[in-house]
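J.: Structure provided below as structure tokens; questions to follow.
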């Protein structure tokens, strides 16, 4: 009986904490996007008009289903070289988020799985660990690393635009819920930006920046092409 009560209490705590994070980031004062000018603006994904988001679907076509999303109930596939999978609740998959300044994602990490170095140029990010042990860190513009191993129930904040990463350091899978205060925060993968851009960055420039031989740059580009 005590064990059941403990499990129920822990689950309730995580649910309340997750909802608090979402509500916190949806407040206008914390949003990176402009304030909405109406109660609702369900995205019309068929429109060709793009002005800082999507135009609103006619109110007569809006239904309750536009404001509910079940896509994060199942695990994301981690069958890739990073052992990393993500399911996004963004304006594309969840049109009710349009103009609300919010994106939510479920992140699954296999044992040893890694979230690659990346930035979100248009949004700050809060991450809630649901399951597992995750080493999470970000680097400031003065090259300071802030990092720690997070356990289930712990929450972090990644300031807008800073490079960050994560690794599952536990024996089993890890699950995170990420909340960003923009409906289009962007995802800039550092390795892809540098080594898989089009047109490609000349090898000699990359070699001088990383203080290595150009052959190493060629090898990195080749390996990224193979796994992309």
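Each Cβ is built from the backbone N, Cα and C atoms, and glycine gets one as well.
TrEMBL feature annotations, pasted as is:
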- 1-31: signal peptide (SIGNAL)
- 41-56: disulfide bond (DISULFID)
- 67-218: domain 'Cupin type-1' (DOMAIN)
- 118, 120, 125, 164: Mn(2+) binding site (BINDING)
- 120, 125: oxalate binding site (BINDING)
J.: Which entry in the list of binding-site residues, 118, 120, 164, has its Cβ near the fewest other Cβ atoms, using 10 Å as the limit?
T.: 118
J.: Looking only at the domain 'Cupin type-1' (67-218), what is the model's average confidence as pLDDT?
T.: 97
J.: Starting from the Cβ centroid of 118, 120, 125, 164, the recorded Mn(2+) site, name every other residue in that chain with its Cβ within 8 Å, sequence order please.
T.: 119, 138, 158, 162, 163, 180, 185, 187
J.: Quick check for the class: what is the C-alpha distance, in angstrom and rounded, between residue 41 (disulfide bond) and residue 125 (Mn(2+) binding site)?
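T.: Their Cα atoms are separated by 23 Å.
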J.: In angstrom units, rounded to an integer, how far apart are the Cα atoms of residue 120 (Mn(2+) binding site) and residue 56 (disulfide bond)?
T.: 25
J.: To the nearest whole angstrom, what is the C-alpha distance linking residue 125 (Mn(2+) binding site) and residue 56 (disulfide bond)?
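T.: Rounded to a whole number, the Cα-Cα distance is 26 Å.
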J.: Write out the long-range same-chain contacts of residue 56 (disulfide bond), meaning residues 6 or more apart in sequence whose Cβ is under 8 Å from its Cβ.
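T.: Residue 56 (disulfide bond) has long-range Cβ partners 38, 40, 41, 42, 43, 44, 98, 99.
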J.: Counting across all protein chains shown, how many other Cβ atoms sit within 10 Å of the Cβ of residue 41 (disulfide bond)?
T.: 21
